[in-house]
Structure formats: structure tokens, C-alpha cells
Amino acid sequence: MNTCVDKMTAETGMDDPGDQFPVGMRVLAVDDDPTCLFLLGALLRRCQYNVTTTNQAIAALELLRENRNKFDLVISDVHMPDMDGFKLLEHVGLEMDLPVIMLSAHGDPKLVMRGITHGACDYLLKPVRMEELKNIWQHVIRRRKFDSKEQNKPNNQDKQPLAGSGCSPGSAGTSNTDQKMTKKRKDQNDEDDEHEEDPSTQKKPRVVWTVELHRKFVAAVNQLGIDKAVPKKILDLMNVEKLTRENVASHLQKYRLYLKRISCVANQQASLVAALGTADQSYWRMGSMSGLSNLHTLTAPRQFQNTVFRPLSSSGVIGRLNTPSGLVVHGSPSSRNIQFGCAQNLNNSMNDPLKFQSTIVHGNQNGNLVLGITGYSERDQLQHHKHKSISSVQDMANASCSHTSLPSVRNNSFMVAARPQNTQGGGANENLSSIDSQPSEISRSLLDHGSCGANWSNGVQPTQILPSSYPPTGFPRQLGFLPSSNPSGSSSITLMYSQSHDATANANSQGGINSSGHMSSNVQFRGWEDRNQDAAYRSNVLCSSLNSLIHENSGVSGSASPSPTDPAFYRNLNFNCGNPIQTKHDGFAKLAEEIPLRQDQGYIIHQQMAQQSRISNNLGSLDDLVGSLMKQDKDKVKLLDGDLICNNYTVGTSM
Amino acid sequence: MASRRQIAAMKQSLFDQDYLDEQFIQLEELQDDANPNFVEEIVTLYYRDSSRLVSNIEQALERNPLEFNRLDSLMHQFKGSSSSIGAKKVKAECTLFREYCRAGNAEGCKRSFQQLKREYATLRKKLEAYFQQARQAGPFEAARRSK
């Protein structure tokens with residue numbers, strides 16, 4: 001602490017920020033609470049940063065938009081009245097590509113996760129301490145290096161090094177970038193009216209990427225497909241006056257970086273989750289995760305806000321899950337089952353569960369978020385959609401981050417976040433809206449991890465669910481994907497989380513669900529009973545058990561014959577289990593512990609479960625199923641083979 | 001006028017009785033020549049701003065049925081700022097209140113809030129007394145010395 005004081009006498013270095021860095025680093029602090037803002041400002045000044053404070057997120061965005069190069073770092077509170085901190089985070093990340101640190105009095109792992117998936121560099125707890133603030137400059141440096149590395153990659157012939165992305169003029173980190181920029185710019189700089197040829201200062205007329213503009217951009221990228229999206233074509237599609245190819249190229253690069261960051265974060269998160277829940281990745285990969293994910297998302301009706309789900313229901317992404325029973329499926333703990341139900345409908349969309357997986361992997365984090373989304377009140381419709389999305393999300397989540405589907409995942413998170421908030425701004429929002437109306441597209445997009453762009457807009461729907469729906473539960477317990485903003489969302493995710501036991505349990509449960517469609521059904525049943533967040537926990541447990549089940553019977557999923565949409569299906573499940581399922585959380589907890597599941601998956605499952613619980617009375621039996629499944633392997637197997645696994649499921653998922 | 005030792009003892013007792021936690025020490029460390037009254041300023045700001053929150057919560061508690069989500073959100077803010085000045089007991093009451101909110105326990109919320117208001121008021125009085133004494137002794141010195 002005193003180090004800062006000692007530095008007080010040093011030169012501020014304002015005239016030469018690069019040399020004196022981090023002294024003089026320009027920070028924008030945003031917090032609606034005056035006390036906290038006052039403290040934060042004082043602490044930052046003590047660290048010798050150049051501090052600007054504002055208590056309004058909107059004002060902060062305007063400040064940033066005015067001049068992107070004016071700030072090096074943004075620190076923002078999560079809970080603000082005029083705009084959610086996560087939304088601000090997205091905006092800043094997309095439009096300005098500045099490192100953003102989130103602040104909150106809440107150490108809720110779910111929130112932390114959300115922050116990370118939204119691209120936050122760090123997440124600090126209030127009251128903020130000096131020691132933590134003294135190190136925040138690392139994020140600026142890191143970003144600069146990261147961006148310059150990205151620029152080295154030959155992504156796109158039109159790609160132009162991001163101008164000033166995360167780099168401040170004069171900083172050492174920018175020099176390489178600038179050089180590259182200069183070179184590339186010269187190469188590509190023909191017809192476009194150019195910015196000044198002065199990369200080092202980056203004094204070009206900067207285009208402000210408004211929400212509207214970004215929306216067009218994203219739409220164009222989606223239309224072209226993320227891999228095929230070249231600035232020239234995007235520019236043509238966007239058809240915006242005075243927008244140059246360079247602008248688009250630079251924005252595209254940022255966009256890609258953003259997606260990549262999200263995927264990396266998701267990856268890390270997944271690892272973390274795995275570590276926590278000791279989930280076995282293989283579980284996830286196993287079966288038709290996609291199916292699961294859909295289910296998961298569906299099951300999380302409680303948690304999600306209605307608004308989030310609404311969009312999903314609009315287009316029957318999943319194709320109606322086959323009717324009401326499909327809905328029931330939602331409730332069923334086994335995401336698998338749900339998937340089956342969904343699978344039927346989803347078949348077309350989920351032809352390639354692997355794809356889902358891959359796409360979902362990225363979206364693991366997002367996926368989870370998506371799951372949460374499914375907690376919309378419009379479960380029935382949503383469920384269909386959700387299932388789809390969930391499974392896809394799940395898959396995505398499950399899959400490695402390396403999949404290009406990330407973008408979709410990303411979208412999801414965006415969308416999710418945007419959705420619940422009913423925000424209009426930003427591309428994220430855009431995505432949501434577009435996604436909502438085209439759930440089917442999303443699922444397709446999810447499947448197609450190649451078309452990241454498409455996923456972005458389309459895929460978002462399903463995934464959207466997740467973020468919002470995640471109930472803010474402790475991370476250890478719940479993989480935390482559930483967005484805290486979803487009141488109802490907690491249901492599904494909470495299912496997973498309901499496992500009030502340690503995170504391991506949750507992780508397990510989650511993992512189980514995701515990986516094993518079968519499993520999830522069991523788990524989900526559990527979730528039904530438990531509407532509240534606890535259910536999520538339970539679902540976690542279930543999920544894990546499901547996972548284990550699935551694990552055991554990876555191939556089983558296909559064998560189920562009864563249609564998921566048939567309520568009898570669930571009953572069958574129940575029968576098969578033979579063992580009364582403990583609807584208690586404890587039961588789940590145990591199961592969860594037994595089954596190391598990825599938390600991510602669990603989340604998804606939870607969601608589905610939550611929804612299901614709401615939706616169907618069969619839940620009770622499902623719970624039983626789950627319980628029995630969890631307890632007994634052979635029962636599980638039976639379940640898996642038998643009624644639990646719907647044909648659809650197998651169809652849709654490659655379990 | 002209290003001696004420096006007495007002022008220090010005053011402050012120490014605030015810590016001992018859990019009215020304040022180490023965050024308060026951070027505040028004191030931020031006080032220096034450039035910000036000689038930092039601690040008092042921030043505490044004053046806190047009480048001014050949080051009184052608004054307190055009355056909002058109070059009004060919300062009079063509704064029927066209670067809107068737990070909203071209460072939770074209000075209390076979250078209150079907790080954030082209370083923890084920023086190191087108001088330990090107040091912060092603990094906030095946590096308890098939120099638990100009641102989550103459990104949907106209206107009675108618990110109301111009870112907890114009453115307790116919270118008491119803690120809040122007590123702390124205010126104690127801090128005011130402390131600042132008064134410290135000011136007389138020389139604010140900067142007092143802060144330094146009492147560490």
C-alpha cells in the first residue's frame with residue numbers, strides 16, 4: 001500500500017505514459033454508489049493512475065465513445081441502475097476493445113463467471129483493496145500484447161491490425177502493432193479514403209461503432225459466415241456511408257478477438273469447472289450433448305426471465321419438441337430425455353450433435369448461461385427452443401473452445417445478457433433479438449460451428465438463455481453459469497445447483513447431465529420438484545448422476561424408444577428406475593458426488609430440469625427416476641437403454 | 001479535549017467491538033496531506049447517501065406482499081457501500097437481511113432491518129464522536145497515530 005505513496009513523488013509521466021506506465025494509466029471508474037466511487041477514485045489516484053469517475057454507465061460509454069484513446073482501462077460496478085455492468089462490459093469490449101474490470105459486492109461465482117464470459121479482464125470484490133488495484137495495469141499490457149499477436153496472424157486478407165485496440169499511443173506494446181498496421185494499411189489502402197498514415201498515433205477519424213452499426217456488422221458477418229466474412233463483403237452488405245473497409249476490418253478483428261477471448265475464457269472456465277466438479281470431459285463428449293444442452297436450457301425455465309425465452313419460442317427452433325410430452329421432457333432431469341423429445345423436433349437441426357458439441361464447447365460458459373435462459377416462463381415454447389439451444393449450448397460448452405462455434409456461444413452470452421435486460425443496445429442485443437425470432441436458425445447455427453457469424457446472430461438464442469438464467473449461486477456449488485439476472489432461471493440451473501453440497505457435487509451433476517443425455521433426464525426430474533434454486537443444485541446432482549449413467553451407457557441414449565414427448569415416457573422412466581427417487585437434495589448431492597460431471601453441463605441440465613419441474617407433474621416421477629438412476633448404475637443403465645432414451649435423442653444426439 | 005491516547009483507545013474500541021473492520025484502516029491510509037479529511041469525508045458521504053437507501057428499504061418493507069427481489073437488490077447496494085467504509089456490524093446485518101430475503105422470510109427481514117438500523121445509527125454516533133475528538137487533536141495525526 002505504501003508503495004503507491006512512495007511513488008507519489010515520482011513524475012506523473014502524463015506526458016510520456018509509455019515510459020512511466022503504469023503511472024498515469026488512464027482509468028475510467030464507473031459506479032453508481034457514491035461512497036464506493038469516492039473510495040475507488042481515491043484508491044486509484046493513490047496508485048498514481050489518471051482517474052476519471054462517473055456514476056452513470058451511459059455517461060461512461062459516451063465518454064469512451066467520444067475518444068477511444070482517452071482511456072486505458074475501465075473499472076465498473078456490476079449493479080447499476082441505468083445499465084447493467086455486464087452490458088457495459090460488452091459494449092466496451094466490442095466497441096472500444098478496452099480491458100474492463102468488474103467490481104461487485106457480490107462474490108457469487110456465477111456472477112464472476114458471467115463477468116468472465118462477457119469478457120471482463122478481472123472481477124474484484126468490494127470493498128476494493130489497494131493491492132488489487134495496484135496490479136490492474138497488467139490487463140492493459142496483456143491486452144496490447146495479445147492484440148499485436150493477433151494482428152500477426154493472417155486471418156483475412158483484408159484484415160487490418162486493430163487500430164488502437166487496447167493500445168494506447170506511445171505504449172511500447174503498440175509499436176509492433178503500429179508497424180504492422182502501417183504495412184498492411186499500405187497494402188490494402190487503395191480505394192478507401194484513408195485515415196491518416198500515422199499508425200503510431202492512431203489519429204484516424206474514428207468510426208464510432210454504435211449499436212445500430214454493430215448490429216449491421218454482425219448481421220453481415222452472420223450472413224457471410226464468420227469464416228468467410230471479409231471486410232469488403234461486410235462493408236458491402238452493411239451499406240453504410242462513410243464506412244471504410246479499414247473500419248470494418250479493424251472492427252472485425254476486434255470482434256474475432258472478442259470471440260476468441262470468450263472462448264478462451266470459456267475454456268478456462270470449463271477447466272475450472274472441471275477441476276471443481278471433477279467432471280469427466282468425456283462425459284460430455286459422449287452422448288448427444290447437443291440434445292442435452294437443449295434440454296438443459298429448457299429446463300431452466302425458472303431462472304430465466306421470460307423475456308429471454310420468448311424469442312426462443314418464436315420460431316420453434318427445436319421444432320416443437322413433439323408436443324407436450326416434449327415439454328415434459330424438459331422437466332425430466334435427464335437432459336437427455338429432454339433432448340429426445342426435442343431431438344425429435346430437433347433432429348433436423350441437431351443432426352450433428354458433434355457439431356453442437358463443438359459449438360457448444362465454446363459456449364460452455366455461454367451455454368450454461370443459455371441454460372439459464374431457458375427458465376423463461378414461456379417454457380412450453382421455450383422448452384422446445386431451449387432444448388435445442390440448450391443442447392447446442394451444451395454441446396458447445398462441452399466442446400472445446402477451439403471450435404469456431406464460439407461466436408455463437410458468445411452471442412449467446414451476449415444475447416442472454418442482453419435479453420434479460422431488455423437492452424437495446426449493442427450487438428449483443430441485436431443478436432438476441434435476431435436470435436429470438438429464429439430459434440431454428442440458431443440451432444442450425446449452433447450446429448454449424450463453422451459459421452460463427454451465423455451463430456452469433458442465430459445461435460444466440462439458445463445460448464442466450466443461459467446467461468440470464470443462471471441463478472446467482474455460489475460457484476462452488478453451481479458451476480455458476482447461471483446468470484444471476486434470471487429470477488426464474490435459477491430453476492434449471494439451480495437444479496444443478498440445488499446440490500447445496502460442494503461444487504464437486506454440482507460439477508458432477510452438471511457434467512452428468514450434459515454428457516449423458518440419459519443422465520440428465522434423471523437429474524432433471526429431480527429438478528422439477530425443486531423449483532427454487534435448490535432445485536438447481538439438485539439438478540446438478542442429477543446431472544452428475546445422469547452423466548454417470550450416460551457415461552455408462554453412452555450408446556444407450558439411442559435405444560430409448562418412447563417418444564420423449566409422451567408423458568408416458570416419463571412414467572416409463574420412472575418405472576425403469578425402479579427405485580424411488582429421492583427428491584431430496586441430499587440425494588442429489590450424493591449422486592453428484594459420485595458422478596464427476598462438468599459443471600457446465602450440469603448447468604445446462606439444471607436448466608432443463610428446472611423447467612421441467614415447473615412444467616410437468618411428471619417431474620416427481622422423474623425425480624424418482626433420477627434418484628434411482630443415480631443410485632444404481634444398473635438402474636441407470638436400464639433407464640438409459642429403455643425408456644429414458646428417446647429415439648429422438650439418439651437421433652439428435654450422437655450418444 | 002481527549003488526549004491522543006484516548007482517541008486512539010476510542011478507535012481501538014470501535015474495532016474491538018466489531019463496529020469497524022480493516023477496511024477502515026485502508027481509509028485511514030488513504031488520508032494524507034493531499035486528502036487530510038478523507039476518512040471523515042467518505043463517512044459523511046456514506047451516511048448521506050445510505051440514508052436514502054435506508055428509507056427506500058423501509059418503504060419497501062411496508063409493502064404487502066414484500067418484493068424480495070427488490071429488497072435484496074437495495075440491500076445489496078447498501079451492503080456494498082457499508083463494506084466500503086468498513087462498517088462491520090452493519091455489513092453483517094445486511095448479509096443476514098439478504099438471507100431472509102432469499103428465504104422469503106418477511107418477518108425475518110423486518111426484524112433484521114430493525115437491528116440493522118440500530119447498528120447503523122450507533123456506528124454513526126460513535127464515528128461522529130470519534131471524528132470530533134480526532135479533529136480537535138489534529139485529524140491527520142490522529143489517523144496516523146491510531147494505527
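Glycine too: its Cβ is placed from the backbone N, Cα and C atoms.
Checked against TrEMBL, the range among B:78-105, B:106-133 recorded as coiled coil is B:106-133. Around B:HIS76 (phosphohistidine), a 10 Å sphere centred on its CB holds 17 further CB atoms from the protein chains shown. Under the three-state DSSP scheme, B:HIS76 (phosphohistidine) falls in the helix class. Per DSSP, the domain 'HPt' (B:35-130) is made up of 82 helix, 1 strand, 13 coil.
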